[in-house]
Amino acid sequence: MGQSVVVLGAQWGDEGKGKIVDLLTEEIGAVVRFQGGHNAGHTLVINGKKTVLHLIPSGILRDDALCLIGNGVVISPAALIKEISELEDAGVEVRSRLKISPAAPLIMPYHIALDQAREKAAGGKAIGTTGRGIGPAYEDKVARRGIRIADLHYPPQLEELLRTALDYHNFVLTKYLGVEAVDFQKTYDEALAFGEYVQPMKSDVAGILHDLRKQGKRVLFEGAQGALLDIDHGTYPYVTSSNTTVGGALAGTGVGADAIDYVLGIAKAYATRVGGGPFPTELDDEVGQGIRDRGAEYGASTGRPRRCGWMDIVALKRAVAINGISGLCITKLDVLDGMEKLKICIAYEYHGKRTEYAPLDAQGWEECTPVYLEFPGWSENTHGITVWDDLPPAARAYLRALEELAGCPISIVSTGPDRDHTMVLQDPFA
């Protein structure tokens, strides 16, 4: 049987998953996206050249890798076409290697209109979505009024589905949110055109994955966002609209639990978060700004500045537990270079008591005060180091502390944005 590895974020997203996925795909049969949409922004830097992917799996830059988009992903036709075009203009062959589940839901124009109008109406209480229609598309999926890739090839059925959806959503848009209605004919024509475009890429993703496993091929499941943004297990309601945890890899592709051999959790050497929601270790001072500047902590999809803070072991241990993480990858270690002191949150003060467990609701998280352990920093440059013993002693001690406190071994350490700026201590596929 082949080996299957799930790569997912162990924090609030933006952990550097794209680079690690690309690193692990040197001898891969397939890379599959299983949740989220084009709100993800996976940045790859190879030989100094930067590529940002939003929908297409990060394995696309490997010539022999098959790239799959599972049923758990919501697809923006415009975003997919744009991304394919940009890659092909750069000389990357995409369409012959990209396979998309016919069960994948579409992000329609009314989803985008709803998302943006709701965020505007919410004002200061906004969740902080990317405004790209992700949440409303998932809502329609659950409400069984979503339009999927498969529906595009049956025009009468598509027309009926679209009229039903627009009757519902245009009422909300015009009567409740006070914005313009979405035009039926324009939306219908665009959907039909996309159906023709995507037809050659439509495939039974679950069937492909089962066949690859029988053939002994390696498969990598590429998560988007992070475990603490999971719709069920995250800081609800400040979460994304899909299951970003390991269960999403199963439901979002059509494989069983026995198909997963290793779960790799990606975490920065510190912590970041975009948008609203609790963040106990946030540094709203010059230290946080320094981390933001050195780490270039601005969203790949939105350009929004990320909130920065110290590593939160309480949150990380929760991610390890709910995902059954086999090993951790710590990224952006080099961002901490030159800092005199470092802190790791090892517990919370919550209602006058110390706890090592995260609350199950956002309000509870907001009421937590971090309890820190302090560690000496290092003045040496770790950028690009690929050998463990070449790291400064203080950096090694910091990583060993993370490993011990999280109760999970560190498999990979990243010391820069390039594919080669990485040390693999334990190969997830070995």
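Every residue gets a Cβ built from N, Cα and C, even glycine.
Small disclaimer: the values here were computed from a predicted structure and weren't measured.
Together with Asp14, Glu15, Gly16, Lys17, Asn39, Ala40, Gly41, His42, Arg144, Gln225, Thr240, Arg304, the IMP site in Swiss-Prot holds one more listed residue from Thr129, Thr130, Thr253, which is Thr130. The two recorded residues Gly13 (GTP binding site) and Thr130 (IMP binding site) have their Cα atoms spaced 13 Å from each other. Taking Cβ-Cβ distances under 8 Å and a sequence gap of 6 or more within the same chain, the neighbours of Arg306 (substrate binding site) are Asp14, Thr272, Arg273, Val274, Arg292, Glu297, Tyr298, Gly299. Asn39 (IMP binding site) carries neither a helix nor a strand DSSP state and counts as coil. Straight-line distance linking the Cα atoms of Gln225 (IMP binding site) and Pro305 (substrate binding site), rounded to a whole number, equals 16 Å. In sequence order, the recorded positions near Gly16 (GTP binding site) (Cα within 10 Å of its Cα) are His42, drawn from Asn39, His42, Thr302, Gly303, Pro305. Distance noted between the C-alpha atoms of Thr302 (substrate binding site) and Leu333 (GTP binding site) is 24 Å.
Among the recorded positions listed here, namely Lys19, Gly41, His42, Gly41 has its C-alpha nearest to that of Thr130 (IMP binding site).
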